[in-house]
Amino acid sequence: MSGVRLAELTTLRVGGPADTLVAATSREEIVEHVRAADAAREPLLVLGGGSNLLIDDAGWRGTVLGMGTSGVTVGEPTGAGGGRLVTVQAGHDWDAVVAQTVEEGLSGLEALSGIPGSAGATPVQNVGAYGADVSQTLVRVTVFDRATDQVKELSVGDLRMGYRDSLLKRSTENGSPRYVVLDATFQLFADEDRPVAFAQLAQALGVSVGDRVPAPQVREAVLALRASKGMVLDRHDPDTYSCGSFFTNPVVSPALAQTLPQDAPRFPVQESEGLKLSAAWLIDHAGFHKGFGLPGMPGEALAGGRASLSTKHTLALTNRGQASSADVLAVARAVRDGVKDAWGIELHHEPLLINCTL
């Protein structure tokens, strides 16, 4: 298909037309379409759930590959603990994966409930929430390596994953990846309850951090927390049209963190001397509040504005209706620059920016 408006295929509902849109429902079709695009020297954009993309209004001059593969394979028990290896096709809906594994009595993914998008995208971004991230359970991914024209497996060690980062992400240029994920395999646990690792989640569950809670209860609490922030897809909620958290939590030196007020949240970072700060706290305390839009002073919502911060959570930028990529970027720049002016800390965007810059 040609001329399909990509806004209809992303959760932010922003993006111009694609020259060519093709869909793949098997691993073989994925490889076939990628090879065809490469042979024609066409830029390639891989589109899963479209939940982590901000696409320019000019669209994509090349091939867009829609990932339509699906399937979850739960292996036999492994080791004395009875855990299972779970392999998921790249196009499978991520929350459906979490729901199925929880229903089957497995734990390890429940804190990642409600995150929109496809399973194949989760290792790219090292998706995380509420004290968990994909790297904690990921074993390997199967990819098509466009540089070598081969299907290969990459272990979690090969991916060198970090906070919202991986080899898969670092090797992507303007949305076009070197490695196209075909499937991902996770090691999940047979014990239904795991320690709660995040204070806000523990509070919602009425327990202390480190207490063990059954996975179904954790999933229910996470879904409720995400819904309260407009972070669960709901077509009846205007705040739903976003790409989730627009900015990552910055990691800064202890010296810079020391310059912030005492109530500014700080979190240790594994294998780093830096401290992770709360981007939401920095935004809130730089004068930007829920519903902020342009034009207007910080903290003032633009009634009927096409793009604004979410009315539930300042970390999300939302499409209030007919927003362009320029509208979204203008709000993002205002917030980024305001935080820089207030705290001397530069926020970095989390979604992939396709043919546009912040």
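Each residue, glycine too, has its Cβ placed from N, Cα and C.
For 14-191, the entry in TrEMBL reads domain 'FAD-binding PCMH-type'.
Neighbour count (other Cβ atoms within 10 Å of the Cβ, all protein chains): 18 for Arg164 (active site). Secondary structure at Arg164 (active site), taken from DSSP and collapsed to helix, strand or coil, is coil. Residues or ranges marked as active site by TrEMBL: Arg164 (among others).
Under the heading active site, proton donor, TrEMBL lists Ser245. Cβ neighbour count for Ser245 (active site, proton donor) (all protein chains, 10 Å cutoff from its Cβ): 21.
For Glu350 (active site), the count of additional Cβ atoms within 10 Å of its Cβ stands at 18 [all protein chains shown]. Under the heading active site, TrEMBL lists Glu350 (among others).
Confidence over the domain 'FAD-binding PCMH-type' (14-191), given as mean pLDDT on the 0 to 100 scale, stands at 95. Looking at Arg164 (active site) and Glu350 (active site), their Cα atoms lie 8 Å from each other.
Taking the Cα atom of each, Ser245 (active site, proton donor) and Glu350 (active site) are about 7 angstrom apart.
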